[in-house]
Amino acid sequence: MPLNLTYLMSPNNRVAYKHFRTRLNIGGFATMDNIIKENWSDVQKVLREDLDISEISYKTWLSSLVVADILEDTIVLETDDEISKGYIERKYSKPIQIALKEVTGKLFNLKFILPNEKLPSDGTSNANHNKKNDTNDRNSILNNLNSRYTFNTFVVGNNNKLAHAAALAVAESPAEAYNPLFIYGGVGLGKTHLMHSIAHFILEENNISKVLYVSSEKFTNELINSIRDDKNEEFRRKYRSIDVLLVDDIQFIAGKERTQEEFFHTFNTLYEAKKQIIISSDRPPKDIETLEERLRSRFEWGLTADIQAPDYETRMAILTKKAEIENLNIPNDVVQYVASNIKSNIRELEGAMNKILAFSTLVHREITKELAEDALKDLITPNETKEITIDFITEVVAQHYGLNADDILSKKRTREIAYPRQIVMYLSRKLTDISLQNIGKTLGNRDHTTIMHGSDKISSELKEDAGLKNSIEILTKKITGK
Ligand SMILES: Nc1ncnc2c1ncn2[C@@H]1O[C@H](COP(=O)(O)OP(=O)(O)OP(=O)(O)O)[C@@H](O)[C@H]1O
């Protein structure tokens, strides 16, 4: 005897179901399956309201789901890619089932497939149990995050779609989705932005507070200092008691044996305790030279996702988003000019836009394509090998120390600014042939003796300070790309 599903539903569900039937003009139970298929977008809308999930999660996981088929009691949903498939299956099966039941009064099994995947002949339930993390220790919030780097400000394009999906999966389900998550891609393509987004999301959405983001440089320097100050135990306690550890630019531990040894033990301790580890690098694990085999293989245990250079549309979208966030009114032909000429590095893309803005203020001219061409004439030199400019060095060093390029050029003399400024002076001398006078002029109209003094100071500190040496090495690689 067929079940009277309407009878089984709660009063609220009955209302929702009635509403659903009215809107879709459903005649009876028999046709409901087909109607769901035809009106999936309506169903998604209802799902969106019933599921208490963030906008970004809905957009990433649920908005692009397509009903591929309905077999008896099983709805077959087509997902975008392997990552989405596995993740939605684990994380969203149950909520989708519940929401669907609320709307239709019927409990469906779900089956997820990839585009072009053969449809299953019979359905199997993928219902899972979502474990809610109930850690509630907000005593020690350990992080070092840029508030601008969130999922909301991250533009998703073909170049970073998988890495973004993997990052969001890990953020929503730390230590359950993929562990470790290894994100790699060229310089300035958004690895740090994604890592900070994960950390922000976890801190805001999960009750996990021991989230630590560090660059591998900071990890190395802290290790060097702990050895020097005989505080190795403290160092270990700090790194081995974290819930989510994010290590940026891991390639810089290549060739550093003691750091690798220490990181190996940190990794093992956290992994065994089911803590989430997220690592970024400019290249895949197999291409990191002089990386110990045992680390390399561990990096490949979870999921490895890459970020490629953005295509033209994504570059346009990034610039438009930036203008929107900062409330800037930039003519479309200027955005197009920048997006068509700066292709391989998003930091440079943003730097170019900043340069146009600064130039427009300086010369009191409106932002037009002509002004943009003037402002970027040093940067956009077709058919020539790219020169290292003082502006670029300033930008990389400023970003590295969490400052703006304007801070470096300013007259401020606090140590947090004066020290990176001296590093800019040192690197400008080391990496370019530009005269002291011209370096001084570009760096906020400073005298050539100031440049010499700043640069010499860093030179002599380098002999004593292993941490500074490590930082200079990393900055040099970031600037020269070698
Ligand atoms: N998809 C994106 N959407 C919006 N902004 C982005 C995106 N990707 C990168 N950016 C911006 O580009 C700049 C450089 O990105 P980020 O520092 O994350 O690069 P990275 O890959 O970590 O570089 P590095 O190799 O030097 O460590 C940042 O200001 C970041 O906000």
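Including glycine, each Cβ sits where the backbone N, Cα and C put it.
Please treat TrEMBL annotations as automatic predictions, because they have not gone through curation.
According to TrEMBL, the region 'Domain I, interacts with DnaA modulators' annotation covers 1-126. If you look up TrEMBL, you'll see 177-305 marked as domain 'AAA+ ATPase'. The feature ATP binding site is assigned by TrEMBL to G188, G190, K191, T192. For 361-482, the entry in TrEMBL reads region 'Domain IV, binds dsDNA'. Positions annotated as domain 'Chromosomal replication initiator DnaA C-terminal' by TrEMBL: 389-458.
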(Q) Quick check: which same-chain residues outside G188, G190, K191, T192 lie with their CB within 8 A of the centre of the ATP site CB atoms? (A) G185, V187, L189, H193, L194, S280, I307, I346, R347
(Q) In the three-state scheme derived from DSSP, which category covers G188 (ATP binding site)? (A) coil
Q | Count of other CB atoms lying within 10 Å of the CB belonging to G190 (ATP binding site) | A | 25
Q: Taking helix as H, G and I and strand as E and B in DSSP, count the residues of the domain 'Chromosomal replication initiator DnaA C-terminal' (389-458) in helix, strand and coil.
A: 51 helix, 0 strand, 19 coil
Q. List, in sequence order, the same-chain residues at least six positions removed whose CB sits under 8 Å from that of T192 (ATP binding site)?
A. N146, Y149, D248, S280
Q: Run through the domain 'AAA+ ATPase' (177-305) and tell me, per DSSP, how many residues are helix, strand and coil.
A: 67 helix, 24 strand, 38 coil
